[in-house]
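This report concerns only the one structure given below.
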Amino acid sequence: APCHSYCLGGNTLSLCPSNGIGISDCKHSEDVGVVCSDKRIPGFKFVNTLPNHVENLDIQVEDVRIRPILSSYRKRIPVTEGYVEVKDGGKWKQICNTEWSVFNSRVICGMFGFPGEKKYNARVYKMFARRRKPSYWDFSVNCTGNEAHLSSCKLGQDTSLKSNSTCAEGLPVVVSCVPGRAFALTPMVGFRKAFRQEQALVRLRGGAIVGEGRVEVLKNGEWGTICDDNWNLLSATVVCRELGFGTAKEALSGGRLGQGMGPVHMNEVECSGFEKSITECYFNKEALGCSHEEDAAIRCNVPAMGFQERLRLNGGRNPYEGRVEVLVERNGSLVWGTICSEGWGTMEAMVVCRQLGLGFANNAFQETWYWPGEVSADTVVMSGVRCSGTEMSLSHCLHHGAHLSCPRGGGRNAAGVSCSETAPDLVLNPQVVEQTTYMEDRPMFMLQCAYEENCLASTSNQVPANSYRRLLRFSSQIHNNGQSDFRPKASRHSWVWHDCHRHYHSMEVFTHYDLFSLNGTKVAEGHKASFCLEDSECDEGIEKRYECANFGDQGITVGCWDTYRHDIDCQWVDITDIKPGDYIFRININPNYEVPESDYTNNVMKCRCRYDGHRVWMYSCHNGET
């Protein structure tokens, strides 16, 4: 039988005529595919029309907005108060407030990225409605308050059928929304500069933009994840509002935004939608059968701050790369210009990609002569940019302001970026460090290679070859829990051959090993070049891709880990000169942010360390700075 089917343009492929599921003589060489248009039909249909209306009522709205009415709100970013308007038949129309409830306002505010709503001055809006006659939409809306979007609310009565005079006793609906702390209005600037999360019990990790990430909760002092069994928009919305965002756009399952580490704290979460915190929802404390492959994640509605309009990439081969051009005010008018590339690095590129909604940084470029941007935008308008990496906009980073300083000039030396929808995420296994730590006294004549690579304390310069160094040794097991492979920034032709150890270094500094006194003073240090980045082991079902032998490709595949065994050179801290006592041991992976990652907060691991002069112990090892 022929393996074709044909469709008449319905909503689902299963309704198209065909031979039936599994009935064909086709081979996989005949598999079909599609390329979808990135232009979507604007607006949405109401999915819950009331049953007592005309049958098959098909109500589609082109758009919804909050239109600021009062002059004090018109220049504010984000827009938090105004008329609720729907676009129907190409025209913006107001909604009659006679059947409007606070639950409806809650849903509208959530759609636009706000966690809550508040009362407003109704008297002022009455005066405005008298002066300018509203044009009302034909329908009212009936929400329960826990919907993530207006389209999930039921349509109320057709107001045009109720009486001859539409909304004779009412006024246009007004909402006043409360922004989360990260977007809170200030009289001077219009927004707070740094992104700060509102609740310490819940956090998001691994997301490319503000308001998305893997959900992690704090329990008994330890961060853990949520299993995706029963994970839905209701529960996701509770988390979004708790963190100061609006309702949830998506409830993601299957570790879509990377896998976490540590325990799975919650399973089978069920929320009503009105809880203040996800920890108030019902959940199953038993996470039997749950693994980090099932970590739940969310994407939240966030307020429109207009950041994307003030930045653009130009000259690249695709929309994800190019010279960075920024819109600034000069002599009373807005002009596009470039950014001085001096000091430009991964953190700055991360903020650019986030601001443009293009995901994570893939690379930061200090030369962009091969990307001809707009000639009119060649002038440097921003210099001295330094970002922490969490900012929502490049303008929130430290920079020189009006006092520009760029000795190299712009043009060919302007800053550039390339962005990627995914990124790796390296995480150290703290248990392996704790379980493999020991102390070794090793003679200097056996440490020649390590000495050449600066893996010993500086005092080793003046000691004879038959003396000993006391080494704190341990294994490192470094997992890639991200969404793309970890690859060294340097291309293969620029890797450095180390003749003594007979291998290539693809990263000169891959990890820092430091020992601190309890008051924070560094007392000993070590560093590790990438002896060889490769897949030592992988999760079940994942094949190894990277192997160092025979000048092989270096990297760490998603779902695999690279183990630096305790018995290889430089896998230590030289503690010859330190006194017995209690210390803090810290490992920092990818410390110079040379390779972009989705989450740098888990690159640090800390342990308590006790050294009595004869033996050494590691305990309380954990990921993160805290």
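Every residue gets a Cβ built from N, Cα and C, even glycine.
What TrEMBL lists as domain 'SRCR' is 1-37 (among others).
As a whole-number mean, the pLDDT of the domain 'SRCR' (66-178) in this prediction is 86. TrEMBL lists 66-178 (among others) with the feature domain 'SRCR'.
Other Cβ atoms within 10 Å of the Cβ of Cys143 (disulfide bond), summed over all protein chains shown, number 22. The disulfide bond annotation in TrEMBL covers Cys143-Cys153 (among others).
The domain 'SRCR' feature in TrEMBL is assigned to 202-301 (among others).
With a 10 A radius on its CB, Cys281 (disulfide bond) counts 17 other CB atoms from all the protein chains. Here TrEMBL flags Cys271-Cys281 (among others) as disulfide bond.
If you look up TrEMBL, you'll see 311-420 (among others) marked as domain 'SRCR'.
The annotation disulfide bond is assigned in TrEMBL to Cys387-Cys397 (among others).
In this structure the alpha carbons, written CA, of Cys387 (disulfide bond) and Cys153 (disulfide bond) are 42 Å apart. Packing around Cys271 (disulfide bond) is summarised by its Cβ count: 22 other Cβ atoms lie within 10 angstroms of its Cβ, all protein chains included. For the pair formed by Cys271 (disulfide bond) and Cys143 (disulfide bond), distance between Cα atoms is given as 17 Å, rounded to the nearest Å. Between the CA atoms of Cys153 (disulfide bond) and Cys397 (disulfide bond) there is a gap of 40 Å, rounded to the nearest whole number. Taking the Cβ of Cys153 (disulfide bond) as centre and 10 Å as the limit, one finds 20 other Cβ atoms among all the protein chains shown. Summary for the disulfide-bonded residues Cys387, Cys397: the Cβ-based neighbour count within 10 Å is maximal at Cys387.
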